[in-house]
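Peer 1: Could you have a look at this structure, given as structure tokens, before my questions?
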Amino acid sequence: MQEPPKSPDEAQKRALETRLRAALSGIIDPRTGKDVLTGGLVTGHAVRMTDTGAKATITLELPGGPGQQNDRLSAEIEEVVRGIDGIADVSIVQTSHRAAPKSPAPKPAGGHSNPLGLGGKTAEEERPIPGVKHVIAIASGKGGVGKSTLAANLAAAFAQAGFRTGIVDADISGPSLPVLFGLKGRGEFRDGKIQPMEAHGVKAMSIGLLVSEEKAVAWRGPMVMGAVRQLFTDVHWGDLDILFVDTPPGTGDAHLTLLQKIPVSGAVIISTPQEMALADVRRGAALFTSMDTPVLGIVENMAWLTLPDGSRQKLFGEGGVARTAEALGLDMLATLPLEPAIATASDAGRPYVLEAPHSDSAGVIRDIAVQIAAKLALVPGGGDA
Ligand SMILES: Nc1ncnc2c1ncn2[C@@H]1O[C@H](COP(=O)(O)OP(=O)(O)OP(=O)(O)O)[C@@H](O)[C@H]1O
């Protein structure tokens with residue numbers, strides 16, 4: 001059962017969320033005859049109370065990407081939400097890259113707020129992660145562009161530099177931290193809390209260590225949101241300077257939960273230079289901006305492959321990430337090459353910054369870490385600059 005609201009703002013927010021859901025469930029996708037909530041086109045929805053009024057953010061996953069029918073539906077959703085009494089502003093964020101769930105979601109065993117079946121408190125009961133100074137989301141619009149690799153390497157670089165560091169793998173549909181960090185076994189539960197594992201001086205927890213992939217893949221909406229929240233609130237993180245979050249690709253429920261329930265200090269977006277990936281960078285940046293989360297910068301990955309003769313082959317085009325960063329007014333933090341040794345180190349459970357600390361790429365990753373620490377005014381050893 002839901003707890004009583006703690007303030008008039010909270011009560012108004014809940015009332016608006018109920019109105020928002022009701023409005024969305026009245027919008028029918030003519031292709032399926034289902035409403036946009038039941039049909040899964042709306043992958044996330046949230047209401048935030050701001051100084052200028054209530055703001056609704058809706059994430060949509062429209063089949064087949066841009067097209068007349070999708071544009072019409074998106075415009076209709078925006079218009080309907082804009083018309084809700086009490087909503088002052090609306091942001092619509094579209095994505096088209098999330099894989100469809102393989103089977104219908106099972107009924108949650110312990111209620112949506114506790115899909116991991118833990119005894120911990122709910123997020124609303126207290127500050128979500130006491131002791132953690134900064135949560136940094138590593139995000140990408142498109143899958144397979146190196147988000148998890150960057151998150152793991154940045155975490156290792158921060159720990160190596162003397163920061164108390166953690167990493168959460170919140171990619172419900174394809175957790176990769178267990179492999180990247182060489183984590184074995186399952187999460188250990190003590191007093192209703194999960195103990196994080198530790199590797200390379202980093203506290204680590206992955207949804208992949210708590211539930212089977214088949215189970216997690218079948219989850220939708222509220223189950224995903226509950227599980228993501230629990231990775232923060234029900235894990236015994238202790239005192240940390242920085243906690244990296246490897247987010248799922250795209251812009252869906254997991255991102256909205258993260259941004260709504262957890263105090264995220266900033267996001268780093270990673271992309272390859274491909275046009276397709278860049279379109280998703282713009283959507284990702286739009287989502288973070290709409291939720292008032294600063295984007296600390298963009299990292300370009302797999303920019304070139306060094307050939308045996310020393311020349312550089314630009315596999316996915318050139319300059320696109322820098323142009324996108326400039327157009328969005330965001331900092332370009334670094335460019336990394338496609339380097340087979342990075343993949344080999346990852347597969348062996350060793351972040352490349354530790355495996356080949358003197359390589360150019362390790363230097364580039366450490367430099368990204370320095371830039372992030374500077375932006376957060378963090379200094380090693382628990383102090384602030
Ligand atoms: N700079 C790089 N050079 C070589 N291989 C890389 C590089 N960056 C990432 N890879 C490899 O590319 C693959 C995808 O990387 P990764 O899993 O980090 O991407 P992702 O964006 O997190 O993907 P997902 O969407 O599945 O979460 C992995 O096999 C990884 O080892």
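Cβ coordinates are placed from backbone N, Cα and C, and glycine is handled just like the others.
Feature table excerpt (TrEMBL):
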- 18-92: domain 'MIP18 family-like' (DOMAIN)
- 96-123: region 'Disordered' (REGION)
- Gly141, Lys142, Gly143, Gly144, Val145, Gly146, Lys147, Ser148: ATP binding site (BINDING)
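I would like each feature placed in context: is it buried or exposed, what are its neighbours, and how far apart are things?
Peer 2: Note on the domain 'MIP18 family-like' (18-92): its mean pLDDT in the predicted model is 84.
Cβ neighbour count for Val145 (ATP binding site): 25 (other Cβ atoms within 10 Å of its Cβ, all protein chains included).
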Peer 1: For the domain 'MIP18 family-like' (18-92), jot down how many residues DSSP puts in helix, in strand and in coil.
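Peer 2: Residue counts in helix, strand and coil order: 22 helix, 26 strand, 27 coil.
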Peer 1: List the binding-site residues Gly141, Lys142, Gly146 whose Cβ sits under 6 Å from any atom of ligand 1, in sequence order.
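Peer 2: Result: Gly146.
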Peer 1: Hey, of the binding-site residues listed (Gly141, Gly143, Gly144, Gly146), which one tops the CB count within 10 A?
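Peer 2: Sorting the candidates by Cβ neighbours within 10 Å, the top entry is Gly141.
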Peer 1: Just to be sure I understand the packing, how many Cβ atoms besides its own are within 10 Å of the Cβ of Lys142 (ATP binding site)?
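Peer 2: Its Cβ has 22 other Cβ atoms within 10 Å.
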Peer 1: Determine which residues of the same chain, besides Gly141, Lys142, Gly143, Gly144, Val145, Gly146, Lys147, Ser148, have their CB within 8 A of the center of the CB atoms at the recorded ATP site, and list them by sequence.
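Peer 2: In sequence order, the nearby non-listed residues are Ser140, Pro249, Ile270, Ser271, Thr272, Ala277.
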